[in-house]
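The annotation Zn(2+) 1 binding site is assigned in Swiss-Prot to Cys5, Cys10, Cys24, His64 on the grounds of sequence analysis. Summarising the annotation, Swiss-Prot assigns domain 'CHORD 1' to 5-64. The Zn(2+) 2 binding site annotation in Swiss-Prot covers His27, Cys42, Cys43, Cys59, and the record cites sequence analysis as its basis. As annotated by Swiss-Prot, region 'Disordered' applies to 72-92, 317-350. For 80-92, the entry in Swiss-Prot reads compositional bias 'Polar residues'. Summarising the annotation, Swiss-Prot assigns Zn(2+) 3 binding site to Cys150, Cys155, Cys169, His209 and lists sequence analysis as the type of evidence. The Zn(2+) 4 binding site annotation in Swiss-Prot covers His172, Cys187, Cys188, Cys204 and rests on sequence analysis.
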Amino acid sequence: MSLLCYNKGCGQHFDPNTNLPDSCRYHPGVPIFHDALKGWSCCRKRTVDFSEFLNIKGCTVGLHCAEKLPEVPPQPEGPATSSLQEQKPLNTIPKSAETLFRERPKSEMPPKLLPLLISQALGVALEQKELDQEPGAGLDNSLIWTGSSCQNPGCDAVYQGPESDATPCTYHPGAPRFHEGMKSWSCCGIQTLDFGAFLAQPGCRVGRHDWAKQLPASCRHDWHQTDSVVVLTVYGQIPLPAFNWVKASQTELHVHIVFDGNRVFQAQMKLWGVINVEQSSVSLMPSRVEISLVKADPGSWAQLEHPDSLAEKARAGVLLEMDEEESEDSDDDLSWTEEEDEEEEEAMGE
């Protein structure tokens, strides 16, 4: 007899006679909806898309349950206390610049590549995009710069002139696939655990080079935070995993994101606080990229970037306007309000 499992996140039918301790993968916590973000109290995954929220894989393994569980309404505010683990209260008072300076590591390790997590929806979009698409078709050679790299994944050719078009392009027409630590391309069956070996895999198709020029993109981007994680979100259509990378050290972040149409978003910043690089990651979705930075110490950040970083960008005339969505207004001396701007203008007028 087949029974329906009522564990949250499962919903599968099972045979009671073959119900084992690892048969069910479910969420023991409760759903959390906060400022358009949706997730479970028992794990860190957050999304703004409701269908992706429903498809978040369970974080706990156990027995299937045939008894209907009592309904628990979604929690409308910040992270809930899980029945398995008591969470620490959010420290809403940002640390001062002096405290941040004392706590920053004295010696910096070189930035490391953060792992890229490709959503199932993006994988489908990339596979649809590759159908009947010949790279490099219709490109005007007069628009190609000498020294431009071929944009096809797996090809490292460099444009030296019209004669470069005569050389074959060996590339991967498919999309990258990352599953349970294994990395491969959808167009060929070679799988590897090492990310460097994955990038070095030779292409499986021969075609034309794609010398398309990458255009700087003015992408909308914002950030939000919880007690333990800071999330920087960059919005754009169809990020291309093969060309994207994000590097981070404990106090610095370097971002290079390529979207469909060869539009590129780049950013470099010193972070307000210290992060745990090993636990941080990047999630790629059809309409955005989320960079999740795990804080080294729980607490609130007054802003995303360190004051020194903002001052340097202001002097260079490239100050990035970041919109912090979740945290409350800070009384920190580093905050600058419109009223203070008006007072300064009046003082200068006198």
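Here, residue 1 is simply the first one shown, and the rest follow in order.
Every residue, even glycine, has its Cβ placed from backbone N, Cα and C.
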Inside 8 A of the center formed by the CB atoms of His172, Cys187, Cys188, Cys204, which other residues of the chain have their CB, for the recorded Zn(2+) 4 site?
Gly154, Pro173, Gly174, Trp185, Ser186, Ile190, Gln201, Gly203, Arg205
Once Cys5, Cys10, Cys24, His64 are set aside, which residues in the chain still have Cβ within 8 Å of the Cβ centroid of the Zn(2+) 1 site?
Tyr6, Asn7, Gly11, Gln12, Phe14, Ser23, Arg25, Tyr26, Gly62, Leu63, Cys65
Please name which of the binding-site residues listed here, His27, Cys42, Cys59, His172, Cys187, is nearest in space to His209 (Zn(2+) 3 binding site), Cα against Cα.
His172
Three-state secondary structure of Cys24 (Zn(2+) 1 binding site) from DSSP?
strand
Report the nearest neighbour of Cys187 (Zn(2+) 4 binding site) in space among the binding-site residues Cys24, Cys42, Cys43, Cys169, comparing Cα positions.
Cys169
Under 8 Å between C-beta atoms and at least six apart in sequence, can you list the same-chain neighbours of Cys10 (Zn(2+) 1 binding site), or say none if there are none?
Cys24, Arg25, Tyr26, Gly58, His64
Hey, how far is Cys188 (Zn(2+) 4 binding site) from Cys155 (Zn(2+) 3 binding site), Cα to Cα, in Å?
15
Neighbour count first, Cβ atoms within 10 Å, every protein chain included; then name which of His27, His64, His172, His209 tops the list of binding-site residues.
His209
Including all protein chains shown, what's the count of other C-beta atoms within 10 A of the C-beta of Cys59 (Zn(2+) 2 binding site)?
17
Minimum Cα separation from His27 (Zn(2+) 2 binding site), reported as the residue among binding-site residues Cys150, Cys155, Cys169, His172 that achieves it:
His172
Of Cys5, Cys24, Cys188, the binding-site residues given in the record, which has the fewest other CB atoms within 10 A of its CB?
Cys188
Including all protein chains displayed, how many Cβ atoms other than that of Cys42 (Zn(2+) 2 binding site) lie within 10 Å of its Cβ?
22
Nearest-integer angstrom distance between the alpha carbons (Cα) of His172 (Zn(2+) 4 binding site) and Cys155 (Zn(2+) 3 binding site):
8
Average pLDDT across the domain 'CHORD 1' (5-64)?
83
Measure from the CA atom of Cys169 (Zn(2+) 3 binding site) to the CA atom of Cys204 (Zn(2+) 4 binding site) and give the result in Å, rounded to a whole number.
10
